[in-house]
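Report on one structure; see the data block that follows.
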């Protein structure tokens with residue numbers, strides 16, 4: 001009888017310890033789950049800051065190279081450029097880096113995709129029209145929407161092999177490049193229009209002198 005009581009107490013002790021360990025494990029797992037959510041929120045916030053930095057730099061650069069900037073006095077342009085350079089310098093002081101975890105295959109896919117985009121960018125000066133068409137086909141390969149033009153199937157398969165975060169960055173880079181080309185086209189057209197209007201005015205003035 002005494003031995004049975006001793007065994008019962010021993011079993012009770014083991015049950016208490018086991019129950020206590022399970023509770024601790026559950027609490028620790030719950031804490032880690034909550035921390036995982038905060039880690040992902042931190043990465044998302046840092047990525048948002050990265051994107052905001054890119055957008056700000058692009059906007060400052062766009063203002064500096066705008067047609068409006070060319071149509072003001074030298075003194076005003078110099079003053080505005082000083083302000084723009086100051087803002088650009090302050091923006092560049094913000095350093096945010098979100099590293100993407102990649103396996104070897106994803107790393108190789110990213111290098112391949114980056115190399116293809118760089119090759120197109122290097123052709124800008126030689127043939128802007130062709131480069132723009134090529135970029136649009138690359139962008140269509142990254143878009144989940146129904147493409148409005150041709151899709152570079154080879155590039156699409158390469159991008160699919162990249163990490164999800166890298167896929168988003170590739171798409172953003174292509175969007176930025178296409179916007180820059182669009183802005184350049186507009187600036188050239190405005191410049192040609194202003195030159196054409198100026199030539200027409202000069203011609204009219206010359207004709208009026210002879211009449």
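Sequential numbering from 1, following the chain as shown.
The backbone N, Cα and C atoms fix where each Cβ goes, and this holds for glycine too.
In Swiss-Prot, the entry for phosphoserine among 18, 31, 194 corresponds to 31. For the residues 20, 97, 133, 143, Swiss-Prot attaches the annotation phosphoserine to 20, which does not rule out the feature elsewhere. As annotated in Swiss-Prot, phosphoserine applies, among 73, 199, to 73. Mean predicted confidence for the coiled coil (20-61): the pLDDT average there is 92. Note: the Cα of residue 73 (phosphoserine) and the Cα of residue 31 (phosphoserine) are spaced 62 Å from each other. Recorded residues residue 20 (phosphoserine) and residue 31 (phosphoserine) have their alpha carbons 17 Å apart, per Cα-Cα distance. In the three-state DSSP scheme, residue 31 (phosphoserine) is classed as helix.
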